[in-house]
Amino acid sequence: MPRQTVKVCIRTRPTANFASEAIQIDVAKNTVLINTAHKKAMEAHHPDVGMNNSESLYGFNFHQVLHNASQDTVYETMSRDVVQSVVDGTNGTVMTYGQTGSGKTFTMIGDTRNFAHRGIAPRAITHIFNTIAERPEIDFKISCVYYEIYNEKVYDLLDDLSNSETRTDFQIAEEKNGRGVHVRGLNEVDIPSEQDALNYLYSGELARTTSQHKLNRKSNRSHSIFTIYIQQRARSGVSERIIASKLNLVDLAGSERLKKTIDGDIDDTTKKESMYINQSLTYLEQCVVALSKKGGGGYVPYRQTKLTNVLKDSIGGNCNTLMFANMWGEEAHLEETISTLRLAARMMRVQNDTQKVESFDDAMMVKKLTKEVKELKQELLMHDAMVERSGIVYDDYTPEQKLELREKIEKFLAAEIGSDEEYDAVSLSSVRQMREILNQFKRITLEKDVHIKRAVTAAANGSMTRGMDMTGAEAKGEGSAPTFGDAKDAVGDVVEGDGFGLGMAGSDLRPSQLDGSPSRGAGVTGGGGSPGKTFERSADLSYDAQDKSSATTTYSEYKGEVPEDKEEAFALYKRTKGKKENQQMLSLKAEVKSLKSKSKVLTIECNDCKDEIDRIGGKISLKKTARLSQMQPGGYSDDIDVVDEEEFDLMKQQREAKKGYKAGMSELMDLKDKIRSMQNDVDDRKYSLLQDFDHWHGLALGTVIDDGGGSGLNAETGEVMDDAEMFEKMELERIKAENPDSLAFFQAQKTRRANQTQNSLTIRQMGKNKRSVGV
């Protein structure tokens with residue numbers, strides 16, 4: 001693709017003290033005009049301010065200017081196109097730049113407590129996973145890393161929050177035609193869902209280094225980069241082609257002047273932080289200036305700082321880059337605003353490549369090449385047929401061909417040396433045939449060796465003759481082995497070659513007793529409940545439709561005490577309140593069992609059909625080999641390759657058998673899908689039955705209070721929910737009803753609050769450790 005410039009969008013921070021006299025914004029023309037004449041006139045009458053001869057009028061034109069725009073407008077205007085290009089296969093970067101307090105982090109991350117005010121990063125995550133859901137034909141693999149650059153050191157923001165010890169010995173590397181510039185050793189985590197991605201994003205935000213100063217109550221003291229890696233390949237066929245792309249979401253620290261950010265004395269930590277921030281941003285500006293020069297090709301100081309090094313792909317590399325320049329439109333910040341707009345204007349002259357990065361999966365490539373080899377062999381066979389070269393085999397020998405070749409070799413071995421039989425036994429036609437002959441010779445030799453070793457061992461034990469003359473039960477002294485065909489009083493049907501088969505059990509058959517327990521109707525005493533209580537066998541876990549006559553008691557009619565033992569109570573529950581659900585579940589289980597029996601029969605039929613196809617194929621192969629061997633072995637011939645009537649009938653039988661096999665397999669697959677679906681239904685009904693029983697048993701024993709709010713059970717654990725869990729469930733249902741798209745954000749917000757509460761001390765200690773290093 002052709003080179004394209006970096007896109008630049010200006011966003012103003014909403015303020016009640018906007019300098020309307022000095023700043024003029026034309027949203028329609030995307031221009032910003034700054035006039036500092038009024039400020040110079042005021043400074044001229046101040047006794048402590050000297051003469052200012054700098055220019056007073058500045059005009060800028062950008063790709064987009066957003067004045068008092070909402071978060072949704074900010075994303076939809078230009079950010080959406082960058083994120084979409086990443087999903088389509090090209091690299092993308094969205095970065096925020098500006099002075100401290102101008103709204104960079106709010107633009108990138110947004111308000112973590114308000115769904116409508118979420119920033120570019122969470123919206124991009126939602127966009128990516130929504131697009132992936134619309135492309136089921138493509139297999140996506142998504143992962144991410146999150147790190148910050150603080151005082152020229154790299155910190156992994158996805159480290160465990162409970163661990164205050166952090167490492168900083170990370171190396172920045174570059175892979176050509178791969179990931180490009182990246183940081184080695186970071187925790188790269190797979191993100192299978194939108195909620196997981198938001199959890200990692202917000203967890204990393206908690207670990208960022210922040211402090212308070214005059215212009216910002218929670219100022220970020222580091223540059224942060226959240227990178228999402230995407231790998232995609234086609235699901236259909238053998239796809240060895242992999243397209244890799246990445247999305248960099250960069251939140252730069254704000255440029256600042258110490259006299260504006262600090263009241264009173266300046267502490268060493270803040271001074272050092274400001275020095276590193278301004279230094280890295282200065283080198284970033286130098287890189288932009290070097291890249292924006294006409295002709296390019298000059299030296300670009302990427303390696304001066306870690307920030308410019310990791311952004312090498314984003315500015316001047318293979319990337320579709322968008323920069324948001326945030327400005328604080330108050331008169332007190334005019335100087336910083338002009339500096340921000342100047343860098344943004346220079347950034348518009350930087351040109352990037354935007355081409356897809358493709359790689360190939362070695363395993364898939366092997367499969368593809370194997371397929372090509374097979375096709376080339378077919379081409380060779382066609383070529384041999386055209387030049388009338390017969391009997392040439394390029395594929396592996398079939399079992400029938402191996403058997404035929406073995407018989408020829410055995411005939412060759414049995415013939416006298418130099419006889420005509422020896423000469424006519426085997427004829428050499430190809431290298432492949434010679435290799436197969438050697439393989440068969442090797443097998444024959446090994447079999448002879450094994451036979452000789454067994455004979456020697458038997459002779460050493462004094463039973464060589466007995467072992468050679470006796471078989472089966474005779475050799476063991478048990479008398480003659482029974483012949484199944486002579487057993488007139490045996491049970492079952494005679495199966496050819498396999499003895500007796502007892503047939504297939506019916507789907508409704510059950511053992512009369514389970515685990516040696518008494519039959520139905522016999523009294524059994526509960527093992528762990530109240531002593532002396534007797535329950536009928538019909539209350540056992542194997543209760544089915546045959547027990548209807550003995551299970552006439554309903555829940556409303558049952559006035560006795562509910563046993564504390566869960567097994568006894570469960571048996572009672574299935575005879576009373578849960579009778580209908582239990583009968584439905586057992587009926588469904590019987591239907592599943594019947595379908596499984598049908599599936600077994602269908603599987604046997606398909607296997608028999610496959611054996612028939614192989615048998616016919618072996619006959620056709622032998623006929624073809626014999627037919628081709630009758631033709632002249634080399635050169636051109638007037639012989640015509642004609643299929644005789646017998647071979648033609650075999651080919652028709654094979655075609656019909658394949659049709660039957662295909663239809664049978666299709667029916668078998670549909671049946672298995674139906675069994676799988678019904679089995680899932682059985683499992684759901686069983687789970688529901690157990691949940692309802694736990695609640696019923698708890699009510700009976702007084703361990704659960706029925707407040708009329710549903711089952712009161714946790715769907716994940718099956719345990720009784722407390723008030724907080726019930727409130728959470730109601731809240732989730734409310735959010736699903738109002739805005740289903742916000743569910744992942746809401747759950748990630750809860751996870752963030754929980755992490756912040758549980759690890760608050762560790763997070764504070766981690767921040768102190770970072771800021772105290774080197775001071």
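Keep in mind that glycine also has a Cβ here, set from the backbone N, Cα and C atoms.
The domain 'Kinesin motor' annotation in TrEMBL covers 5-350. Residues or ranges marked as ATP binding site in TrEMBL: G98, Q99, T100, G101, S102, G103, K104, T105. Residues annotated as region 'Disordered' in TrEMBL: 505-560, 755-775.
Neighbours of the ATP site: apart from G98, Q99, T100, G101, S102, G103, K104, T105, residues of the same chain with C-beta atoms within 8 angstroms of the site's C-beta centroid are R13, T96, N216, G254, N326, W328. Once Cβ contacts within 10 Å are tallied over all protein chains shown, the binding-site residues T100, S102, T105 are led by S102. All chains included, 22 other C-beta atoms sit within 10 angstroms of the C-beta of G101 (ATP binding site).
When the neighbouring Cβ atoms lying within 10 Å are counted for each of the binding-site residues (G98, G103), the highest count belongs to G98. Residues of the region 'Disordered' (755-775) grouped by DSSP class, helix first, strand second and coil last, total 17 helix, 0 strand, 4 coil. Listed in sequence order, G254, S255, E256, N326, M327, W328, H333, E336, T337, S339, T340 are the same-chain residues six or more apart from Q99 (ATP binding site) with CB atoms under 8 A from its CB.
Under 8 Å, Cβ to Cβ, and six or more positions away along its own chain, K104 (ATP binding site) finds T96, Y97, G98, D251, L252, G254, F324, N326.
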